[in-house]
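According to TrEMBL, the protein has these features:
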DOMAIN    104-397  domain 'Sugar phosphate transporter'
TRANSMEM  104-123  transmembrane segment
TRANSMEM  135-155  transmembrane segment
TRANSMEM  167-185  transmembrane segment
TRANSMEM  206-225  transmembrane segment
TRANSMEM  237-260  transmembrane segment
TRANSMEM  281-302  transmembrane segment
TRANSMEM  378-397  transmembrane segment
């Protein structure tokens with residue numbers, strides 16, 4: 001498809017008005033524009049390049065567009081007749097290539113998200129097995145994230161936000177929930193197998209629906225509720241047959257679901273006006289820094305100061321020397337902050353339902369990889385329960401998408 005443009009520029013201004021004149025037009029050459037006889041003439045193509053020529057013909061080297069004109073005389077005045085410039089309309093090709101590039105970018109980001117998740121759970125579990133101080137480890141991980149954020153802001157790798165008092169007050173509940181969510185997850189990972197913790201955390205959609213109904217007044221659809229029934233049954237079946245079952249680990253994972261979903265409710269209920277909201281990456285960065293500030297004194301109060309040679313040596317006595325403990329702790333902190341930041345970046349690019357589906361697939365990948373790496377014993381009934389717990393969130397996401405499509409449009413839309 002070709003589109004037409006009539007680029008025309010005169011270098012000398014019109015000093016006095018002239019009566020409209022008409023030249024003889026021919027269908028072959030298209031529109032006729034009558035102007036006083038002026039020279040020289042600038043020919044401009046659709047890309048904005050201008051070439052001043054004494055002749056009335058020019059071309060754009062970047063788009064290979066030919067711009068032609070000639071002068072006809074009428075009643076002693078000069079009039080300019082311009083051929084319509086033919087410009088290839090390649091918008092469709094650009095859109096197609098843009099879609100392919102965006103799909104490849106999203107695929108790479110999902111792959112990084114999953115890979116960092118796998119490594120975080122492996123390194124974190126190795127550290128927690130020999131250094132059972134979840135509050136101290138969580139604070140250390142938030143500290144790693146804080147250092148990474150400060151470095152990125154200092155190097156202008158991302159824009160540093162200018163926070164206002166209303167923003168800080170709105171973000172503070174999110175940071176508290178985020179702190180408890182990560183702390184309780186580490187408590188659970190220290191007590192039970194990685195696969196069991198993530199099986200329990202698959203119950204997040206259940207608490208999402210529960211809190212949305214209690215605090216936001218949202219009534220769930222029938223299909224949404226139907227998808228949650230086998231989810232609860234699958235988690236219960238997996239819990240009954242879990243070899244590493246521990247009540248502290250089970251309750252901590254359950255409590256992390258509560259805090260994480262309450263964080264989502266706070267984000268809907270307490271965030272400031274749209275004009276003052278932060279983008280997802282900066283919001284996560286601010287939450288991480290506040291969580292670090294909140295958790296450091298709390299960890300010292302609950303567990304004491306554990307970064308002493310004697311405590312590090314006790315970890316070495318259980319099979320992980322001090323150097324390995326420090327390296328794995330740093331890697332776990334790096335992976336935690338990186339995968340959460342990538343997750344927020346993905347959420348900024350896709351709709352929440354797509355992100356939820358990706359999160360379900362991520363949980364499957366983490367469970368399978370942890371079972372293989374740690375050689376976790378899994379019974380057939382436990383496998384069925386885990387599979388039910390992992391498939392049902394996908395059904396829940398599908399039901400949410402159906403609900404959003406059938407939702408009536410507001411009046412005047």
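The backbone N, Cα and C atoms fix where each Cβ goes, and this holds for glycine too.
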Touch test for the transmembrane segment (135-155) and the transmembrane segment (281-302), at least 3 Cβ pairs under 8 Å: yes
Tertiary contacts of the transmembrane segment (281-302) (same chain, 6+ residues out, Cβ under 8 Å): 133, 135-136, 138-139, 142-143, 145-146, 149, 152, 158-159, 161, 163, 171-172, 174-176, 178-179, 182-183, 337, 340-341, 344-345, 348
Positions on the same chain near the transmembrane segment (167-185), where near means CB under 8 A and six or more residues out: 134-135, 138, 141-142, 197, 201, 252-253, 255-256, 259-260, 262-263, 266-267, 270-272, 276, 278, 283, 286-288, 290-291, 294-295, 336
